[in-house]
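A.B. asks: The structure follows.
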Amino acid sequence: MAALNQTSLQPASFLLLGMAGLEDLHTWLSIPFCLMYVVALLGNFILLFVIATERSLHEPMYLFLAMLAVADLVLSSSTVPKALSIFWSLSKEMSFHACLTQMFFTHLSFIAESTILLAMAFDRYAAICNPLRYATVFTHVMIAKIGLAAIARSFCVMFPTIFLLQRLPYCGHSTMPHTYCEHMGIAQLACADISINIWYGFATTLLSPGVDIVLIGVSYVLILRAVFRLSSKDAQHKAVGTCSSHACVILLFYTPAFFSFFTHRFGHNVPHHVHILLANVYVLLPPALNPIVYTMKNKLIREKVSQAL
């Protein structure tokens, strides 16, 4: 009976309001959203096609880049189409279970991308600091294991949140001032204690992307120390150039994501539309810019993409 009563308190659907407070600008906001989503789709699909068809790109660094492109496609495609539907007033409703599914894949792809960025940092560390062992460590089998580990890790982190949200009563609260469903956005609609959700979200953020960014930082300190010990200025410039694109991607990915996360918990004075906008930035901007950054910074990719086009 308790289970039935709790189920009855779950809304059949959520009403997503989009950028609350900026409803009059929804049509204008849809233009950059749509353009950046098209760029993300084209850029990542072209990158995947070039890496898949060019045997010279079947190296660890480029295989990690292909994984990153897949994660970017899932991250942007999980959220942007629904945001555009809201902006264009096509559909603002989303069923409860569809909302949980969107939340699951959005956060899963984010954690997977964070894991891949960490693997790419270790890849650059091994290539620059220990080049003699690089080929024996980063084999194709190892790359496949890292890819599977990224998926398994993301799944294990996110799967419990489905049950943490399903157990909550919502008492008819079904209006969400957001463009997509996220864990704390859903939990805050509940009419019960959400301390477990808050602490679980806080712990998993610190122990997954939080740990990742610390380890990435450590790897780059070691890389820079090794680079500036090189006697050749050309070798130094080449090593720095190889890592600079990865550093740009890391900043684009983590900065708005962590701002959005901490705003949920501590930024009560941050305007809601600013929070929602930044929550959309980290699911849209990196997928759109990652292919451009890597293509511009990597001569081999740039040549192969030019040939493919």
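Glycine residues also receive a Cβ, built from the backbone N, Cα and C atoms like all the rest.
Feature annotation from TrEMBL assigns domain 'G-protein coupled receptors family 1 profile' to 43-294. The feature transmembrane segment is assigned by TrEMBL to 25-50, 62-84, 104-122, 143-165, 206-228, 240-262, 274-294.
Quick one: where do these features end up spatially?
C.D. replies: Same-chain residues lying 6+ beyond the ends of the transmembrane segment (25-50) with a Cβ under 8 Å from its Cβ atoms: 18-19, 57, 65-66, 69-70, 72-73, 76-77, 80-81, 83-84, 86-89, 280, 284-285, 287-288, 290-292, 294-295, 301, 304-305, 308-309.
Remote same-chain residues near the transmembrane segment (104-122) are listed as 61, 64-65, 67-68, 71-72, 74-75, 78-79, 146-147, 149-151, 153-155, 157-159, 161-162, 180-183, 208-209, 212-213, 215-216, 219-220, 246, 249-250, 253-254, 257, 282-283, 286 (criterion: CB distance under 8 Å, separation of at least six residues from the stretch ends).
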A.B. asks: So are the transmembrane segment (274-294) and the transmembrane segment (62-84) touching or not, going by 3+ C-beta pairs under 8 A with a sequence gap of 6 or more?
C.D. replies: yes
A.B. asks: Cβ under 8 Å, sequence separation of at least 6 from the ends of the transmembrane segment (62-84): give me the contacting residues as numbers and ranges.
C.D. replies: 16, 18, 30, 33-34, 37, 40-41, 44-45, 47-48, 51-52, 94, 102, 105-106, 108-110, 112-113, 116-117, 119-120, 123, 140, 143, 146-147, 150, 179-180, 249, 280, 283-284, 286-288, 290-291, 294, 301
A.B. asks: For the domain 'G-protein coupled receptors family 1 profile' (43-294), report the average pLDDT of the model, please.
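C.D. replies: Mean model confidence (pLDDT) across the domain 'G-protein coupled receptors family 1 profile' (43-294) is 86.
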